[in-house]
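The structure appears right after this line, and notes come after that.
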Amino acid sequence: MESTRVAILALLLLLAFGSSTEENPEFWRSQARRTLQSALDRKLNTNVAKNILFFLGDGMGITTYTAARILKGQLQNQTGEETVMTMDTFPNVGLAKTYSVDFQIADSAATATAYLCGVKTNLNTVGVSAAARNGVCKTQKGNEVTSILKWAKDAGKSVGIVTTTRVQHATPATSYAHSASRKWYSDADMPDSAKKEGCTDIASQLIKNTDIDVIIGGGRKYMTPKGTKDPEYPRDYSSRGKRKDGRNLINEWQSLKTGKVAHYVWNKTDFDAVDPETTDYLMALFEPGDLRFEAERDPSMDPSIVETTEKAIRILQKNPKGFFLLVEGGRIDQGHHAGRAFMALHETVAFDYAIAKGLELTEEHETLTVVMADHSHPFTFNGYPFRGQSILGKSPLWATDMLPYTTLMYGNGPGHKITNGKRPDIRNVNTKSKDYVQLSAVPTESATHSGEDVAVLARGPMAHLFQGVHEQNYVAHAMGYAACVGADVRHCQGQTAPPAVHATFTDHKNGNRGGFIDMSFTSLYYTTL
């Protein structure tokens, strides 16, 4: 039965593609020649970046990237594999090593501190060096590190955050906060000892630390006093305000913007009414917590990531000195944690459309656009599916237990479903459903992250700096260099190298004392005296 089904599928594919131009070697040769010529004609853009557009796909590992490319094409009634994502058009590609100081496989807080602040740190900590310890407030003091968002603001640029998670979540939080725990969203999430030692919650730092021009995402409940009814879900107790200190940070934010045109909105109608040309500040919080998955979003209540990205850019680009904008496709990661490939991939497709909108609204000669992931997931693409087969479907080949399996699976996660030593029979299961949970090899409540390198793609001024394999913290320094923000402004000043920082040290390996360390961004080495 199975061999007959495979034969029928193969015949159908042969009929569909038998006359395809892809069978002609000249199709591939001419395609390669065009690509080669494009590479040969490419000129280095060594301009100073007026703007930085930084797109972060949370959990968007290489497998996710590839599978989303196929899905994007299949949603357009194509076979999918040959689809060109917006990300695919970026001419400069590198890899980033994602481990944290204390773990082989990192989380979104440690990775965000690396690529936004330029310093690797420990798991679960935000905007602090590795000298800080997870959850220990007193180790936070004196170990704070600033992000490229602050570097850009200090240089006179406008700055913004767009995310599909709560704005206090690890990735956006790292751009403005310093916290020994990524989980200290509001003061209600903090232990009394941390508050007594002087640490403050992430939500309160959002309105205090850096003057952020545009803030878009979710997270209303962390901004209002405990018990405050949510405007959208007044009867839902879990959506009500959480703050124990009685502060209404939304009202405080509005008071801080007196004399400026500052809008706070929580629904799409009010969001659409915001005129970017006359708006100085915008805070848009569309959900009590994270935003809804794109596949479940109510378009009458919540704008898409494409719409929020466009609004942010139109507000920020009025500044003649330029802008820095962080756009996070944050729920890619959450779809993967739930073992729901449908959700993760649809989030990635939406993210790619947001990137296209960003490129449409900016000029390549003055805007450095960087796209990357913070980490990956134990997500696999396997089983010899036929060309054009649904990326969310099943392999035409069955396993040795004589049962089918999906082409997308997880190494661990909630999809582990072994009963009496057998996998479930999914012959009559719709694996293309948004609610389907892919099978996993190991049972865990939530799929973990994985530790392989992630892609970094760049275009615009100094985009060639992102080629090669680098530590993840290099990304912040390269972006800062391109835009002349932060400590290294040689690109604007015509310098050739920063002065070396001399230090005495002991070479324990070789038993030598003395030497110097060159702490420039371009090298790190020592010479024994």
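Each residue, glycine too, has its Cβ placed from N, Cα and C.
Going by TrEMBL, these are the annotated features:
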{"type": "SIGNAL", "residues": "1-21", "note": "signal peptide"}
{"type": "BINDING", "residues": "Asp58, Asp333, His337, Asp374, His375, His449", "note": "Zn(2+) binding site"}
{"type": "BINDING", "residues": "Asp58, His169, Thr171, Glu328", "note": "Mg(2+) binding site"}
{"type": "REGION", "residues": "223-244", "note": "region 'Disordered'"}
{"type": "COMPBIAS", "residues": "227-239", "note": "compositional bias 'Basic and acidic residues'"}
Out of Asp58, His337, His375, His449, give those binding-site residues positioned within 10 angstroms of Glu328 (Mg(2+) binding site), comparing C-alpha atoms, in sequence order.
Asp58
Quick check: with Asp58, Asp333, His337, Asp374, His375, His449 left out, which same-chain residues have Cβ atoms within 8 Å of the centroid of the Zn(2+) site Cβ atoms?
Gly59, Asp107, Ser108, Thr111, Ile332, His336, Ala373, Ser376, His377
Give the distance between the Cα atoms of Thr171 (Mg(2+) binding site) and Asp333 (Zn(2+) binding site), rounded to the nearest whole Å.
11
Across the compositional bias 'Basic and acidic residues' (227-239), what are the DSSP residue counts per state (helix, strand, coil)?
3 helix, 0 strand, 10 coil
Around His449 (Zn(2+) binding site), how many other C-beta atoms are within 10 angstroms of its C-beta?
21
For His337 (Zn(2+) binding site) and His169 (Mg(2+) binding site), what Cα-Cα distance in Å is obtained after rounding to a whole number?
15
Note down the number of other Cβ atoms within 10 Å of the Cβ of Thr171 (Mg(2+) binding site), including every protein chain shown.
27
Taking the Cβ of Asp374 (Zn(2+) binding site) as centre, how many other Cβ atoms lie within 10 Å?
31
